[in-house]
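Residues or ranges marked as region 'Disordered' in TrEMBL: 1-45. Residues annotated as transmembrane segment in TrEMBL: 104-126, 132-156, 176-200, 242-267, 287-305, 336-357, 377-401, 422-443, 449-471, 483-508.
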């Protein structure tokens with residue numbers, strides 16, 4: 001047999017490398033420019049593209065083993081994870097140096113907030129038994145769906161679903177996923193920002209009244225003007241570039257939320273209860289109206305567990321490899337966060353209802369504390385409580401607005417093929433802040449808005465994750481896992497429709513009262 005020349009033994013196919021020049025993002029970090037159309041073809045170079053069967057076939061067994069092991073190592077450390085270059089320009093995925101501590105801060109900031117203050121309002125319509133039962137079921141249910149989302153973040157090897165809408169598209173299809181997930185997630189971001197403006201502005205007004213006192217001679221601002229002050233402060237803080245850059249704000253928001261949550265229920269239960277207190281659930285003469293009130297109350301309970309629309313986004317800020325996937329630190333941080341969330345929500349709901357019963361005003365326990373005990377508690381303590389609420393609302397505004405900022409910038413970068421400049425990025429955030437302000441001025445009904453938000457966005461937390469688990473993981477048909485997730489998903493859809501109707505009815509009812517009621 002004729003010997004082949006040595007130069008023919010190893011023939012490496014020539015594969016051109018794609019040049020990806022670096023540019024500066026608005027936050028000053030370096031990121032790759034999106035590849036051209038030619039680079040997006042199947043011939044694009046990857047770290048292991050040269051280790052192909054065509055290349056390995058003429059090589060002896062020892063060398064082949066070495067190269068195969070090299071390919072396995074590169075895959076193991078995550079070099080083959082497909083990253084969208086556009087992600088380096090967007091605020092959610094611009095920085096990927098997050099960790100379990102950041103995850104705990106963000107989840108706490110998103111999970112504890114003003115929604116806890118209106119939980120006693122729901123108990124006023126549900127009573128002791130149904131109130132505690134619904135709150136417990138909702139807590140366990142949402143913890144399970146949070147675990148699902150964390151597991152599905154990298155359900156397909158080499159692919160990260162960095163946003164809730166991306167995961168919905170993978171599960172339900174491109175078009176249906178957008179229709180099902182985009183509206184509730186954007187509505188949740190905008191609606192939460194609006195509700196934060198309402199509670200933040202009202203709390204700033206109460207803080208000013210306490211600090212200024214009865215002898216103050218200055219002209220006080222109106223409620224709408226306080227909304228504007230809060231919105232302006234929120235817009236200033238929103239200029240931080242990306243999700244990881246607000247980790248410090250999330251820590252401040254988490255600490256202040258835990259502190260004021262504890263202070264509010266401790267101060268409430270330590271004071272004398274009102275003499276006319278009753279624990280009978282509130283009802284209306286009409287059975288249908290009472291049913292709508294109950295549905296709205298359950299919507300408030302559902303809204304108290306918002307934050308799942310941010311789970312994938314928070315996890316996207318972490319580095320991830322096949323050996324060290326991001327789901328491990330994310331779940332570790334989430335468990336710590338939701339332990340403290342439970343320690344805040346349950347005492348506020350139970351202690352607030354015990355202290356005020358069905359005399360609870362529609363604004364929540366903070367308004368009840370001021371109405372019933374403003375003369376019994378020192379001004380300094382009350383002022384500190386309200387100031388902590390303001391700090392918490394300002395911090396929560398940032399993390400809940402981040403998905404909206406990301407959507408605005410994604411639309412801009414996809415059309416222009418370049419990152420947003422500082423001025424464009426600032427313009428988007430100013431626009432979002434004032435749109436939320438105008439919505440808050442038009443719909444100043446906090447408890448009703450919370451019920452409607454809870455109903456419309458309930459599938460994001462309670463239904464869609466169960467459907468996505470079945471469609472992506474594909475458990476054995478008719479198994480317990482299959483039945484369990486389908487059942488939870490359809491129950492979530494049914495509750496969403498019922499709670500939304502209750503929230504709309506309550507908002508219409510409050511609007512009629514505001515229009516036709518005239519004080520004596």
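Heads up, the Cβ atoms here are built off N, Cα and C, so glycines get one too.
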For this session: Could you tell me whether the transmembrane segment (176-200) and the transmembrane segment (483-508) have 3+ CB pairs under 8 A, leaving out pairs under 6 positions apart?
Result: no
Exercise. Against which stretches of its own chain does the transmembrane segment (377-401) lie, if we need a Cβ under 8 Å and a gap of at least six residues from its ends?
Worked result: 106, 109-110, 112-114, 117, 188-189, 192-193, 196-197, 199-200, 203-204, 206-207, 210-211, 213, 230, 233-234, 237-238, 240, 243, 246, 249-250, 252-254, 256-257, 259-260, 263-264, 267, 271, 310, 366, 369-370, 429, 432-433
Seminar exercise, completed: Maximum Cβ pairs under 8 Å to the transmembrane segment (242-267) among 104-126, 132-156, 287-305, 336-357, 422-443 is reached by 104-126
Exercise. Sequence-remote contacts (6 or more beyond its ends) of the transmembrane segment (104-126), Cβ cut-off under 8 Å?
Worked result: 134-135, 195-196, 199-200, 243, 247, 249-251, 253-254, 257-258, 261, 264, 281-283, 293-294, 296-298, 300-301, 303-307, 310-311, 314, 333-334, 336-338, 340-341, 344-345, 348-350, 352-353, 356-358, 360-366, 368, 389, 392-393, 395-396, 399-400, 446-447, 450
Exercise. Same-chain Cβ contacts of the transmembrane segment (132-156) under 8 Å, 6 or more residues past its ends?
Worked result: 119, 122, 126, 164, 167, 170, 298, 301-302, 304-305, 308, 311-312, 315-316, 320, 325-327, 330-331, 334, 338, 342, 345-346, 349-350, 461-462, 465-466, 468-469, 472-473, 488
Exercise. Any contact between the transmembrane segment (422-443) and the transmembrane segment (287-305), i.e. 3 or more CB pairs below 8 Å with pairs at least 6 residues apart?
Worked result: no
Problem set entry | Remote residues contacting the transmembrane segment (176-200) - C-beta distance under 8 A, at least 6 residues beyond either end | 113-115, 117, 164-165, 167-170, 227, 230-231, 234, 306, 309, 366, 389-390, 393-394, 396-397, 400-404, 407, 432-433, 435-437, 439-440, 443-444, 446, 449-450, 452-453, 456-457, 459-460, 464
